[in-house]
Amino acid sequence: MGHFTEEDKATITSLWGKLNVEDAGGETLGRLLLVYPWTQRFFDSFGNLSSASAIMGNPKVKAHGKKVLTSLGDAVKNLDDLKGTFAQLSELHCDKLHVDPENFRLLGNVLVTVLAIHFGKEFTPEVQASWQKMVTGVASALSSRYH
């Protein structure tokens, strides 16, 4: 899953503290649903997902995106135990929701894109490397209970 250096931890925590979870969460999930339209099948109850404006303006997309990013806050606090942190969510997504674990990797990559957009020059290659390590670790942790 990758070892997080003290510098990685400081970089991740610092940027996380500046992030508007609600805005970034909605944008991240919205972009996932738009860029990878097959992921929409997991969100049948969200209503109209027929266009970019429908997806990005959908209150259920925004609310669930906030929920997803809020749970990512648990990762920021528990970088040394991502597998344990996400054990229950991994079981839920495997056994009940039947989500393809590849989607976790895609979501992480979309989040990195959103962070780059939101933070601009502050999102240096070093910051990106730390965040990429984290989202890869989270995707791996969320996939850990699949069988």
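Backbone N, Cα and C define each Cβ position, glycine as well.
Look at Swiss-Prot and you will find 3-147 tagged as domain 'Globin', backed by sequence analysis.
Taking a C-beta cut-off of under 8 angstroms and a sequence separation of 6 or more, Thr13 (phosphothreonine) has the following same-chain neighbours: Val76. Thr13 (phosphothreonine) falls within a helix when secondary structure is assigned with DSSP. Per Swiss-Prot, the feature phosphothreonine maps to Thr13.
DSSP classifies Ser45 (phosphoserine) as helix under the three-state reduction. If you look up Swiss-Prot, you'll see Ser45 (among others) marked as phosphoserine.
According to Swiss-Prot, the feature phosphoserine maps to Ser51 (among others). Sequence-distant neighbours of Ser51 (phosphoserine) (same chain, six or more apart, CB under 8 Å from its CB) are absent. According to DSSP, Ser51 (phosphoserine) sits in a coil region rather than a helix or strand.
Every protein chain shown contributes to the tally, and the Cβ of Ser53 (phosphoserine) ends up with 9 other Cβ atoms within 10 Å. As annotated by Swiss-Prot, phosphoserine applies to Ser53 (among others), with the evidence given as similarity to another entry.
Summarising the annotation, Swiss-Prot assigns N6-acetyllysine to Lys60 (among others). In the three-state DSSP classification, Lys60 (N6-acetyllysine) falls within a helix. With a cut-off of 8 Å between CB atoms and residues at least 6 apart in sequence, the same chain places Phe43, Ser45, Phe46, Gly47 near Lys60 (N6-acetyllysine), listed in sequence order.
Annotated heme b binding site per Swiss-Prot: His64, His93, in sequence order.
Cβ-based neighbour count (10 Å, all protein chains) for Lys83 (N6-acetyllysine) stands at 17. Taken from Swiss-Prot, the feature N6-acetyllysine covers Lys83 (among others).
What Swiss-Prot records for Cys94 is S-nitrosocysteine.
If you look up Swiss-Prot, you'll see Ser140 (among others) marked as phosphoserine. Around the Cβ of Ser140 (phosphoserine), a 10 Å sphere holds 19 further Cβ atoms from the protein chains shown.
According to Swiss-Prot, the feature phosphoserine maps to Ser143 (among others), an assignment based on similarity to another entry.
Residues or ranges marked as phosphoserine in Swiss-Prot (evidence: similarity to another entry): Ser144 (among others).
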Ask   = What are the DSSP helix, strand and coil residue counts for the domain 'Globin' (3-147)?
value = 119 helix, 0 strand, 26 coil
Key: Distance check against Ser143 (phosphoserine) for the recorded positions Ser53, His64, Lys83, keeping those with Cα within 10 Å   = Lys83
Query = For His64 (heme b binding site), what residues in its own chain, 6 or more apart in sequence, show a Cβ-Cβ distance under 8 Å?
reply = Gly25, Leu29, Phe43, Phe46
